[in-house]
Structures are given as structure tokens and as C-alpha cells.
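*Asks:* Quick one: structure below, then a few questions.
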Amino acid sequence: MTAILERRESTSLWGRFCNWITSTENRLYIGWFGVLMIPTLLTATSVFIIAFIAAPPVDIDGIREPVSGSLLYGNNIISGAIIPTSAAIGLHFYPIWEAASVDEWLYNGGPYELIVLHFLLGVACYMGREWELSFRLGMRPWIAVAYSAPVAAATAVFLIYPIGQGSFSDGMPLGISGTFNFMIVFQAEHNILMHPFHMLGVAGVFGGSLFSAMHGSLVTSSLIRETTENESANEGYKFGQEEETYNIVAAHGYFGRLIFQYASFNNSRSLHFLLAAWPVVGIWFTALGISTMAFNLNGFNFNQSVVDSQGRVINTWADIINRANLGMEVMHERNAHNFPLDLAAVEAPSTNG
């Protein structure tokens, strides 16, 4: 009998680190994208928590009228927010070392830019990490593709829109009421409700919710019975069992009779493709809509489009929305300008004398 002894090659520290980073045996997969994701998301989360609790007021409009957003300065969970970086900073990269002092950095809303840029980098890396893990497990890449929809939406709101408007002060505040304020002002300035891409996004989100509820309820209801008629069907199953617990043919038959035959799927892959693609495509369109409106390619304007034979305007719903938009535009940034931009753009009549 011949024994062959091979000398085991010693792996370098870097090699062991690489193997650990890319190992799919870890409880949580790290991956090369995770190397960047972990510090960026930890930074964004830490600064968000600290700033939400204790950040001083921020001069958001650049007119020396600071706005308070933190809990220690009089806000609650609903009204609190990370106030966007000052209009005085605009789109300038504004790290701590660019300010004369930390107080100046806080006054100009530096934490907002820090949080947003780290957050966007972190979620982009999370998407890459999803692809990386799928690749190493021999899976297809569609999980990362689906996640690209919320990543695109966040990027549109926090980065593309401020770029188009010329200042990070136009970005969405990081808080509950700040989000609603952003939505109201966005409608006032861009008429987003009349934008086709927003309509597609609404159809995607609401339709996706409906399809998800229908699918979950059908799967839960169409069980493969393992018990007699005198026992509960639930008694025939154990939570987490490997055996299939529902019958897609039964679900197909039920739904086909409930609506019509071709409204239901008898192919599981086709069904789940629709469940994934519908909301993802809708949110893609919403992100695209935000990105186009960032550069003032706004929603449809049908103001005063219906007139009678005498030329008098017959108000439509579009005119009602327009008046609401003007009212909302008047209310926001009330000390930064005296009139809505739509009215301020009109030339004043010339006077002789």
C-alpha cells in the first residue's frame, strides 16, 4: 500500500479574508458589495438617529430663518425630520471638513447630505450583494433586478430631483411630516397627479398589493386535504413542512370560475413573474417620472381648456387642481418668496408717466 502525502499550502491572511468574505456558508453573506454596504449603512443609520434626536435647527431656505427638525428642539415622532441641506450650499459637496466649524456644518444641514449619500451608496451595494449571492449560489439575477425599483425610487427622490432643481434643499426631508410636505410641494410645482408615469406607478403599487393579497389567499385556501371531512383541514399539516401544501390546479379552477377561464394562471412561473414584474415596472416608471419632473418636464396642463361659444371658461377638474396647486405653492417657503412662481413669472404691465 502506497500513501501519498501532499504538503498543505498555507493560505495567506488576505486569502483567508477573501474566502471568508465570499463564503456562502456564513450565517449572513457578506460579499464584496457587503464590504462597502456595511460601513455606509451603519454611518447613515447612526447619523440619522443622532440628528433626529439632537440636531440644531437648519437654515433650509438660506434666508437666515432656521427650521427645527429634531426631538430635543421641540418636535415629536410625527413632526420630526432631518432637515435638508441649506439652499446656500446648493449642490456643493459639503463634508464636515468643508465647513469652518461643526456648528456651521450643522446650521447648514450637513447631516442630511451625509445621510443621503451614504444611504444611497449602501442600498446600491445591498442590490449588488443580492446579485453576488445569487451568482455564487447558481441562481438567476432577478432578485436584484426587482430590488432595483425601490433603489431607483430612492435615488430619484434624494439625488436626481435635487440635481434637477439645483439644490439639496429641494430633496425630501427624512421624516414623516417632511415626506408629506415634499409630496404636497411636488404636486404644487410639478402637477405629478397629471403625469402618466405617476399613474403607472399607482397602478403598479395598488395592483401589486391586490395581486399579492389574491395570490396569498388563494394559496392558503386551496389546501391538499390530508384529513377527513370531520376534521379541520389545518390538522393535516405541520408548520414548515417540505411537502407541497396547496394545489395550483384547484386554485386555477376556483379563480377561473370566479372571473373567467383565462384570467387565472395554470403555470406557477408565469404567475410569479407577473407578481414580480407588475409592481417593479410600475415603480420604475414612477422613478422615471420623478427624474423627468426634476428637470421641470411636468405633468399635463389642461387649465382653462374648455370654453363656451362666447369664449368664457368652463371650469373642469383640471382647473380645480390648478387652483389647489397655486394655494399649496403660496403656503410653502412663505418667507422665501411672496408669490407662487407661476404668478411671479408674469411680466408686470408697463406704465407711462
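Placed from the backbone N, Cα and C atoms, the Cβ positions cover glycine too.
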*Asks:* Of 118-133, 246-261, which span is tagged transmembrane segment by Swiss-Prot?
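*Replies:* Going through 118-133, 246-261 one by one, Swiss-Prot gives transmembrane segment for 118-133.
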*Asks:* Identify the transmembrane segment range according to Swiss-Prot, selecting from 29-46, 83-100.
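*Replies:* Comparing 29-46, 83-100 with Swiss-Prot, transmembrane segment matches 29-46.
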*Asks:* Below 8 Å between Cβ atoms, which of the listed ranges 29-46, 142-156, 274-288 makes the most pairs with the transmembrane segment (118-133)?
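*Replies:* Checked against 29-46, 142-156, 274-288; highest Cβ contact count belongs to 29-46.
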*Asks:* Beyond His215, Ser264, Phe265, what residues of that chain have CB atoms within 8 A of the centre of the quinone site's CB atoms?
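*Replies:* Counting only non-site residues, the set is Met214, Leu218, Ala251, His252, Phe255, Leu271.
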*Asks:* So what's near the transmembrane segment (142-156) in sequence-distant terms, Cβ-Cβ under 8 Å and 6+ beyond its ends?
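*Replies:* For the transmembrane segment (142-156), the sequence-distant neighbours (Cβ-Cβ under 8 Å, at least 6 residues beyond its ends) are 119-120, 123-124, 126-128, 130-131, 134, 276, 279-281, 283-284, 286-288, 290-291, 294.
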*Asks:* Can you grab the distance from Phe265 (quinone binding site) over to His118 (chlorophyll a ChlzD1 binding site)? Cα atoms, rounded to a whole Å.
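*Replies:* Approximately 42 Å lies between the Cα of Phe265 (quinone binding site) and that of His118 (chlorophyll a ChlzD1 binding site).
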*Asks:* Where His198 (chlorophyll a PD1 binding site) and His190 (site 'Stabilizes free radical intermediate') are concerned, what is their Cα separation in Å, rounded?
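*Replies:* The Cα atom of His198 (chlorophyll a PD1 binding site) is 11 Å away from the Cα atom of His190 (site 'Stabilizes free radical intermediate').
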*Asks:* Between Asp170 ([CaMn4O5] cluster binding site) and His215 (quinone binding site), what is the CA-CA distance rounded to a whole number of Å?
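*Replies:* Here the two Cα atoms lie 39 Å apart.
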*Asks:* For the quinone binding residues given in the record (His215, Ser264, Phe265), what is the largest pairwise C-alpha separation in angstrom?
*Replies:* 11
